[in-house]
Amino acid sequence: MAENEEKAKAQNRCPDNSAFKQQRLPAWSPSLTAETVLPFFYLLGIACVLLGVLLQITMQNTQEIKVDYTNAESCDMCFETRKYKVNASRECHCSITFSLKERLEGDVFFYYGLVNFHQNLRRYMDSRDDAQLLGRIKKLKNPSVYCGPNFQYANGTPIAPCGAIANSMFNDSFALFFHPLVDRPLRVPLFRKGIAWYTDKNIKFHNPYVPNESLPQVFQATAKPLYWQKPVYELDPNDSTNNGFINEDLIVWMREAAFPNFKKLYGILDRQSSKMFEQGLPAGNYSVSISYNFPVQYFRGRKQVVLSTVSWFGGQNHFLPIAYLVTGCVTVLVAVVLTVVYIKFGKKGLKMED
Amino acid sequence: NDRGYNEKFLYADNRIKTSKYNIFTFLPINLFEQFQRVANAYFLFLLILQLIPQISSLSWFTTIVPLVLVLTITAVKDATDDYVSIAEGPVSGHLASPVLSLQNEKWMNVRVGDIIKLENNQFVAADLLLLSSSEPYGLCYIETAELDGETNLKVRQALSVTSELGADISKLADFDGEVVCEPPNNKLDRFVGTLTWKNNKYPLDNEKLLLRGCVMRNTEWCFGLVVFTGPQTKLMQNCGRTAFKRTSIERLMNTLVLWIFGFLLCMGVILAIGNSIWEEKVGGKFRVYLLWDEVLNDAIFSGFLTFWSYIIILNTVVPISLYVSVEVIRLGHSYFINWDRRMYYRRRDMAAEARTTTLNEELGQVEYIFSDKTGTLTQNIMVFNKCSINGRTYGDIYDEFGHKVEITEKSPSVDFSFNPLRDKKFRFHDHSLVEAVKLGDPAVEEFFRVLALCHTVMPEEKNEGELVYQAQSPDEGALVTAARNFGFVFRARTPETITLYEMGKHSTYQLLAILDFNNIRKRMSVIVRNPKGQIKLYSKGADTILFDRLAPSTEDLIYTTSEHLNEFAGEGLRTLALAYKDLEEDVFAEWMVRLHEASIALENREECLALLYEEIEQDMTLLGATAIEDKLQEGVAETIACLTLASIKIWVLTGDKLETAMNIGYSCNMLRDEMSDVFVITGHTALEVQQQLRTAKEKILGPTREIVNGEKDAEKMDLYRNDSVFEETITSEYALIINGHSLAHALEADLERLLLDTACLCKTVVCCRVTPLQKAQVVDLVKRHKRAVTLAIGDGANDVSMIKTAHIGVGISGQEGMQAVLASDYSFAQFRYLQRLLLVHGRWSYLRMCRFLCYFFYKNFAFTLVHFWFGFFCGFSAQTVYDQWFITLFNIVYTSLPVLAMGLFDQDVNEQNSLRHPKLYELGQLNVLFNKRQFFMCTLHGIYTSFVLFFIPYGAFSSNVRDDGSHIADQQSFAVTIATSLVIVVSVQIGLDTNYWTAVNHFYVWGSLTIYFCILFAMHSNGIFTIFPSHFPFLGTARNTLTQTGVWLVILLTTTVCVMPVLVVRFLRTDLYPTMTDKVRHTQQASRRQRPQEQNLKRVRRTSSRRSAYAFSHQEGYGELITSGRNMKVAVPVFSLLRKRGDPATGTTVVAWSSGSGTRESENTQGQ
C-alpha cells in the first residue's frame, strides 16, 4: 500500500493528459486550395456584379433635384445684406424658381444643403451639452463647460441651448410653391415634423419640465444663443409642441454631419392633404420662397435646396452601385487570371519531393 | 575566527537574495518599476496630455482603462513570479551545516572566518581552507563534477600543522590563524595565500582549498575555515553575470515601436501643418461660429496644439496592450512546455519547466547549440557492456537462428543469484559468459582476475556483503563491478594485499607493485603474488600500446581481438585490452631492487621508473578486451541527427579529457569515419595554436578555393570568408577538436576570428578540458560575431556560466545538483527533449509570435489611420472618427482575444510533422516570418485597409440619406459604420491568419463579434444615456444605422475589398512559390483524409570502425597513494611492512573498513 501511495506521489508532477494541455485540441485547419478559393472568387464576383446591377436599376428610379440659392435670382440681394453683421436682425426674403421635367414619384423629401460648412470640427462638435438638451433643470441653469465660450454670457446668464452647434443653427425657412400652367401658385404641403430620428426626438431631447410652469417660464433665467433671433421656446410659431429642445429643426441640426458638404431634412411632402400631390410632385414649375437668414459668405459656403425620392437602400447614391459593379468585375477578372495561373503553373508545387 | 573582528570587513553575505518585494512595498515598488518601462511611461505622459482640455482630443478614460488593465495584469504576473522565487529561494541557501560548537547554522549565515564542519556526501557551500579531516594526513576526498564535470575523486590535503587539530573542538575554537590571500577570482585551479599562525607562516595553495560546489566523498568529516562566501566564491565568480535576456524578436519589436513613434510624429507634423494651413485658409473664416479666445485662434498655435491632439489620437498604432499581449502569449507557451507529457521524465518524476517566460519564440531560431558532455549527453554511468576473452566475444545475445538481437530494457538479463556479493544493479545479457565462468575456463578466470586486481578502487563494506566501491574513475568502477558479479569479488585492500572472493573462496594476493598509469604509458599494471605463490603481472591499457608489448606467439589471438575491438569501437564503446605475464622469482627480485633504487633516485626518477616499467611489461600474453559503454542518455544520437538536419550546429564543450570527448563524439554520431579530417588543436603557445588553426583552415578551404576562385584571388577570398554561401560549397565534412589550453590562446583577441572561422567551417566542434569561464567565452564569441541565436545546455555548476551567457540556457535536471537548473531558462530531465523543445515548441512559439505581431501591427494601423484620412475632411481638427468608447475597447476587448487565441494555439504543421521534417525549423533561423520587410508589408496592408475603410463609406455616405429620408451622413452613423466594418474586416483577417481553428478560436472570434454588437447596442441604449448623458452621446445610433440595408451594403463592400487582395496574394504564393510549410501542410491534410499515421525517425545506425581510445579517466599518482597506504584507515601502522615480500601474516591483516570511531586515535597518532 505504501508503495502505491509512493507511486501516486511520484507521479504527482506528471502533466495531465488533456488535449488542451498537450496542444492536441481537435481543430479545423483550412488552407487556401484552388478547389475552395477559385469557386469562392467566381461566386463572389458574380454576386457583386448582380448586386451592382440591382442597385443601379433601383437607383435609376430615384430622382434628385438640387438648386443652389446662395446668390441665385432674387437671393442675390439677401446674400449682400447678410454680408454685414449690422444687418443681422434685418429680415430678408427672396425666392428661386426651378422646374421639374418629370414627376417625382412617391415620397418626396425636402432638404436644405450646406457646402463647406464644417460641422465636424473637434471643438465645434464638443461644444454641446447633452445633459442640458435632455432637460436636466440643473444643467439648464448651469451648462457644461464643454459648451466652450458659448455656455453663458459675460453677465453670467446661462445660454440654452448652449454651445457652438446650437448657436450656429441653420435658420433659413422655406415655402415650396407649385406653379401649375393654368392655376395660381399652390403651396406644396410639407410635414415639418417626423423629420428627426425617433430616438433623438423621444429620448435624447427633452424639454426641461417644472410642474405648473409653461415653457417660457422654465426658460426664464436663460438666454437665447448669441446668433439666434428668437428664444428656443419660440422656434416654431405654428406648433407649440414643436418648441423648446424638442424642436425638430434643432434636433436635426444638432446631429452633426460627418463631412463639410451635407444636406439635412427640412420637410416631407404631405401626400394626403391634397389630391394633386398624392403621387408625388408633378412635373412643372416650382418656386421656393426663402426667409434668408443664414450667412454663408464668411466661410465661402453655399446653400442649396434639394428635392429627392428614396429607394430601399437610401437616397440617390451613384457610388454604391458603381463600386459594386467594379468590385464584381475585378473579382471575376482576378478569378479568371487565377484559374489560368493555377492550371498553367500551379498544381505540381505542393507535392512533397521526399 | 572571531566573528566580531571579521565583521569589520564587509564580506559578502553567503545568502543570495532572490525575492524583490514584500507585501507592503509591493504596490509602490512595482508601480515605480512598471513606469520605468518606456512604454508605460509614455502612456502616462499621454494620460497627462489628455487632461489638458485644449489638447485633449479623447477623453481620459480611453487611455486609463487600458493602462490600468495592463498595469494590473503585469503586477499580478510580477507578484506570482516573485512568490515563486520566494518559494524556490531556500533550495540553495538553507543547507544545514554544523558550525564550530556543533550548533547547526544555516549556510546563508556562514561568514568569512567561521570554521565549519562538513560530513561525507555534503555539498561544500563556501570556499574553505581545509584544516583537518577524519582521514590520515588531513586528506580529504572531493568530487568536483559541479565544477569541471569530472567525476573522479580528487584529493585535498590540509597543512600538517592544522591537521593535528583533528576533531578537537576546543583547539579548533582557539584557532586564531590569519589567512592572507589573493582577492576573489575565477581561477578554479589556482589559489595563493599564506596562513600565519603562532608566529609561523605557511604557504597555501589550491591543494588546501575546498571549493563551493564540490561534494565530500570518502571522508567522514572535515573542518574548514571559510575563506570566501556567497558571490565571492570561485564557483560564483565563474558564473558570469546574469544578464537580462531579450529575444531578437523583442529587440526588433522595440526598434519597430520606435519607428512607429517616428511615423506617428511624422503624421502628427503633417496633420499639424495641415491644420495651420487650414486655419489660415478656411478656419479663419469659420471662426465666427467658434468664439474661442484669440490665442487659440492663432493658426500656428492651433497647429501646435493639433500636433499633440493627433499624437493622442494616433497613439493606438502602438497600443498599450501590445506588450501585455506578448507577455500573455509567452506565458501561455511556457505553460504548454511545462504541461508537455512528452517532455516529462517518468523515472525521476520530472516535467520540463520553462523557468523564463520571455524567451519562447527564440527557441524557434536557434542556430548553435553548446552542449556539455557529462550528464548531458551521457548519463555519467559506465556500464560493462561486452568483452572479448581469448578470441571470443561475449555480450551480444543471439536468437535461435544466430541473428543478433537488439538489447532493450526488456531483454532477459543474466541471473547472478549464485553470487551473494553481487551488485544487484548490474545487468548483463549474455549467458554464455556466466557459463564459461562456472565451467572454470582458465582464460576467463584470468580475465576477471585482471579486472579484480589491476585497479586503484577502494572498497568499503558497511555491512556483510554490502560492498561499495569508491572508484577514481567510473570506468574502473564498472570493470571491478563486472568482475565482482562474475564471481571475482574485490573485497578488501591493504597497502600490500588485495583480498578477493573468487567463486566463493577467499584468496589473498600480495600486491608487490603498482605500475601506475600516466598519459604517456596509457596503461597500468600490478604485480601480485597469488595464493599459490606465483608472481604475476596483470596489465590493462590502450590496445595500441598493449599490443606492442605482447609475446609474438599470440599473433592469431591479437588479430581476432583487434577485430573485436574494432567492432566494439564501432558501437562507440570504450575499450581496454587486458594482458598478463608470469614472472620468474629471481627476475622479479632483481627488477624490484632496481625499482627501489630508481624510486629513491634524486635525478631523473620519472624516466628511470618509466624505463623499468617498460622493461617488465614485455612479452605479455593477451587475455582479451573489455568494452565499456559510457552510457549515452536515451535518444541522444537521434536527437543530434535530427537537430543537425534542422541546420543547427552543435558544439560540445566539456571539462573532460580529449580522448573521452572524442569517444563520445563518435558514439553520438557527431564524429564519423566518413569525415574527411578531424583537426585536433593541442598547441601550448599562441603561435602553435595559430599555426594549427591556419593549417586546418587552409586544408578545408584548399580544394574549394582552387575550384571556385583559382589560387590568386586572395583578396576575393577575404570577401568570401564570411559568406555563408561559400561555407555551403564545402562538401566534405570536417571536425575540429580543441583542447582547453589551446582554447585559452585561441580565444585571445587576435586569434578568435580565426578560431571562429575555422570552427564554423567544420561540421562538428568539440572543446575539451575547458573551464566554465571558457565555455562562456566560446558562447560569447559565437554570439558576438555570428549574430545567431545560441543555446547552451548543461547540467552542472560548471555549465552555469555558459547557460547564462547564451541567448537561451537549458539545464538538465540530473543528479548533479540544481545549480545549472537554477541558472537556466528551461530545464528538463533528458537531452532528447531538446529536440521537442526546439522543433515543436520553439517553432510553434516563433510562428505564433510572428503571426501575432504581424496581425497586431496590421490591426492597429488599420484601426488608427482612419483618423488620418478623416483629418483631411474635418479641417485637421483632431476629431476622432469613432466613438470614444470604441477606441477604448477596440484593442482590449473587441480584437484582443481572437489574436491571443491564435498566438496561443496556432499550429501550421502538427507536432509529428514538425519532428519529421526538421527542415521546417530553418524558417526561424532565417527569421523569415517577422522581419523589417514583413513589418513593412503588415503596415502597408494596414494602411490599405484603413484607406478602404474610410473612403468606401465616405463615397457611399457623403450624399446619402436613410430609406425614410432622414439623414445618415452624420458623424455618429459614419462612426458606427466604419467601426462595424473594421471589426468585421479584422475578424475575417484573423480567420484567414488562423491555421488551426480550435474550439477556443471559434469561441473567441465569434464571441468577439457578438460582444462587439452587444456592447455597441448597450452603449447606444436609452438607459445608459439617461444616466450619463454626456459620456454616451451615441444614443440610438446603432439602432438607426444598423437597421439600414444601405449600411450593410457598405460594410459588405468594404469587407470584400479589404480581404480580396489578401486572398489573391496568399493563394498565388502557395500556388506558385509554395514553401516547405505549405508542402508539409498539404501532405498532412492529404494524409489525414486517409488516416493519421505515426512514423518514427529511424534509429541512426552507427557505422564507425574507429579504434577507440583507452578508457582511463583517472589521474596519475594513485598507485603510489595506495601502496604507501596513506589513504587507508588501517588499525596497525603498516609503514614498516612496506614491500616486504611473502609474509603470510600480513596477508590476513584485519583491515578496518568499517567506519567505526574506534580507529580514529590511531589515525591521529599516525599523523605525528
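From the backbone N, Cα and C atoms, a Cβ is placed for every residue, glycine too.
Where the annotation comes from TrEMBL, it is an automatic prediction and has not been curated.
Within the model, the domain 'P-type ATPase N-terminal' (B:1-64) carries an average pLDDT of 65. Annotated domain 'P-type ATPase N-terminal' per TrEMBL: B:1-64, in sequence order.
The feature transmembrane segment is assigned by TrEMBL to B:58-76 (among others).
Here TrEMBL flags B:256-278 (among others) as transmembrane segment.
The feature transmembrane segment is assigned by TrEMBL to B:298-324 (among others).
The feature active site, 4-aspartylphosphate intermediate is assigned by TrEMBL to B:Asp372. Secondary structure at B:Asp372 (active site, 4-aspartylphosphate intermediate), as computed by DSSP, is coil.
The domain 'P-type ATPase C-terminal' feature in TrEMBL is assigned to B:821-1075.
If you look up TrEMBL, you'll see B:852-873 (among others) marked as transmembrane segment. For the transmembrane segment (B:852-873), the list of distant contacts is 249, 253, 256, 260, 267, 271, 274, 310, 313-314, 316-319, 322, 325-326, 329, 879-882, 890-891, 895, 899-900, 902-903, 929-930, 934-935, 937-939, 941-943, 945-947, 949-951, 954, 978, 982, 985-986, 989-990, 993: same-chain residues at least six beyond its ends, Cβ to Cβ under 8 Å.
If you look up TrEMBL, you'll see B:885-905 (among others) marked as transmembrane segment.
Here TrEMBL flags B:935-954 (among others) as transmembrane segment. Long-range contacts of the transmembrane segment (B:935-954) within the same chain, counting only residues at least 6 positions beyond its ends with a Cβ under 8 Å from a Cβ of the stretch, are 252, 256, 853-855, 857-866, 868-870, 873, 881, 974, 977-978, 981-982, 985, 1050, 1053-1054, 1057-1058, 1061-1062.
For the transmembrane segment (B:974-992), same-chain residues at least 6 beyond its ends with a Cβ under 8 Å from one of its own Cβ atoms are 855, 858-859, 862-863, 866, 880-883, 886, 890, 894-895, 898-899, 902, 945, 949-950, 952-953, 957, 1005, 1008-1009, 1012, 1016, 1020, 1034, 1037-1038, 1041-1042, 1047, 1050-1051, 1054-1055, 1058-1059, 1062-1063, 1066. Per TrEMBL, transmembrane segment is recorded for B:974-992 (among others).
Distant neighbours of the transmembrane segment (B:1004-1028): 883, 885, 889, 893-895, 897-898, 900-901, 976, 979-980, 983-984, 987, 990-991, 994, 1034-1039; these residues of the same chain sit at least 6 beyond its ends, with a Cβ under 8 Å from one of its Cβ atoms. The feature transmembrane segment is assigned by TrEMBL to B:1004-1028 (among others).
Here TrEMBL flags B:1048-1068 (among others) as transmembrane segment.
According to TrEMBL, the feature region 'Disordered' maps to B:1079-1106 (among others).
What TrEMBL lists as region 'Disordered' is B:1149-1168 (among others).
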Cβ neighbour count within 10 Å of B:Asp372 (active site, 4-aspartylphosphate intermediate): 31
Spatial neighbours of the transmembrane segment (B:885-905) far in sequence, C-beta under 8 Å, 6+ residues away: 58, 61-62, 65-66, 69, 316, 319-321, 325, 328-329, 332-333, 848-849, 851-852, 855-856, 859-860, 863, 975, 979, 982-983, 986-987, 990, 993-994, 996, 998, 1000-1001, 1003-1005, 1007-1008, 1011-1012, 1015, 1019, 1032, 1034
Long-range Cβ neighbours of the transmembrane segment (B:58-76) (under 8 Å; 6 or more residues past either end): 26-27, 30-31, 34, 40, 43-44, 46-47, 50-51, 312-313, 315, 319-321, 323-324, 327-328, 880, 884, 887-889, 891-892, 1031
